[in-house]
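According to Swiss-Prot, the features are:
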type    : residues                                                               : note
DOMAIN  : 36-327                                                                 : domain 'YjeF C-terminal'
BINDING : GLY136, ASN189, PHE190, MET191, GLU192, PHE193, THR194, ARG195, ASP258 : (6S)-NADPHX binding site
BINDING : 229-233, 248-257                                                       : ATP binding site
Amino acid sequence: MNLLKRATFIFSEQPLSLAIVIERSFSLGSSGMDNVIPLVRNTIPPLTSKKHKGQDGRIGIIGGCQEYTGAPFFAAISALKVGADLSHVFCTKDAAPVIKSYSPELIVHPVLDSPNAVEEIEKWLPRLHSVVVGPGLGREDMLLKNAKEIIERSKLRGIPVIIDADGLWLVAKEPSVIQGYQRGILTPNFMEFTRLYEAMHHEPLDSSDHKRSAQQLSIALGHLTLVLKGEEDIITDGKNILTCSQEGSGRRCGGQGDLLSGSLGAFAHWAFSSPSDATKGMNPSLVAAFGATSLTRQCNRQAFHKHGRSTTTSDMIQEINSAFKKLFES
């Protein structure tokens, strides 16, 4: 409670495992935002010449197939632009040359559809600080099966796992793959959220109260951290709810969710590797997710200011440096 100047108590009328939820609503310039942004800043590693390459983050992106090559690129390059040192993309063979052509800064592994894909990727897990599963993954059974096994093996190593896009399709089909993993973060849009909710609760979603529905889904998934993207981003671990209503724009270009998931890969590594007092007792997943959602919205706002309705995710990625400075270094 001492983290925030204002808190609203929500009393649950339904038999949830938590009867009282503290809702923390943040928007740029509000006292709430002013209180949580320092927690994000506390987790950001300082730039110093004493470090070696890789210490500030080695992020793995699991995704990229023949149809979808842009999404894994956006996620991987966003992680780098936020401040991770290395980004690996584990994709299918036919996607690899395309993704490599987008940027020489990415390390691209054409193994996701190989017969020994899981073993090939597992070799790299000891070197990775977080894994982002889903951007450009597609829904082929073999790719989903490989992604599932990679999630399982990442969990065994305690690696933060961010799941987005078709990775969420996998979770809706097999929730146990991530259920209860306290270093897992899901980033659904409303359609993906609805699919997850109905898969877990076996009843239609009541869309009249997104916060309560998000809390219920998080609890059903073992207090997994969720980021429900929308007009305001709702972040919850089933115990606490944060809403990021920072100004963005009306432009919703494809790919900005990949910017969010990739940057979240970096923020999650920083949050979980920070001293326990850095987040003042708040769940590191919540702090990381708030940092990533705030950054994505600020990038959208700045890009829209320059490009208007022509704004694309590439324009947003170009804003990461200045948006990061504005939010976390000013």
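If you go along the chain as it appears here, the first residue is 1 and each next one adds 1.
Just so you know, glycine gets a Cβ as well, placed from its N, Cα and C.
Swiss-Prot feature annotations superimposed on the structure.
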{"residue": "GLY136", "record": "(6S)-NADPHX binding site", "Cβ within 10 Å": "29"}
{"residue": "PHE190", "record": "(6S)-NADPHX binding site", "Cβ within 10 Å": "14"}
{"residue": "THR194", "record": "(6S)-NADPHX binding site", "Cβ within 10 Å": "17"}
{"residue": "LYS229", "record": "ATP binding site", "Cβ within 10 Å": "22"}
{"residue": "GLU231", "record": "ATP binding site", "Cβ within 10 Å": "9"}
{"residue": "ASP233", "record": "ATP binding site", "Cβ within 10 Å": "24"}
{"residue": "SER249", "record": "ATP binding site", "Cβ within 10 Å": "18"}
{"residue": "ARG251", "record": "ATP binding site", "Cβ within 10 Å": "18"}
{"residue": "GLY255", "record": "ATP binding site", "Cβ within 10 Å": "19"}
{"residue": "GLY257", "record": "ATP binding site", "Cβ within 10 Å": "24"}
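For CYS253 (ATP binding site), the Cβ neighbour count at a 10 Å cut-off comes to 18, with all displayed protein chains included. Of the listed binding-site residues, namely GLU192, ASP258, the sparsest CB environment within 10 A is found at GLU192. Mapped onto three states, the DSSP output places GLU192 ((6S)-NADPHX binding site) in helix. Taking only the Cα positions, the spacing between GLU192 ((6S)-NADPHX binding site) and LYS229 (ATP binding site) is 10 angstrom.
Closest to LYS229 (ATP binding site) by Cα-Cα distance, out of the binding-site residues GLY136, PHE190, THR194, ASP258, is PHE190. Here the CA atom of GLY255 (ATP binding site) lies 10 Å from the CA atom of GLY136 ((6S)-NADPHX binding site). For the recorded site, ASP233 (ATP binding site), the DSSP three-state label reads strand. Cα-Cα distance from SER249 (ATP binding site) to ASP258 ((6S)-NADPHX binding site): 17 Å (rounded to the nearest whole number). Distance from the CA of ASP233 (ATP binding site) to the CA of THR194 ((6S)-NADPHX binding site) is 15 Å. Residue pairs drawn from GLY136, ASN189, PHE190, MET191, GLU192, PHE193, THR194, ARG195, ASP258, the listed (6S)-NADPHX binders, are separated by up to 20 Å at the Cα level.
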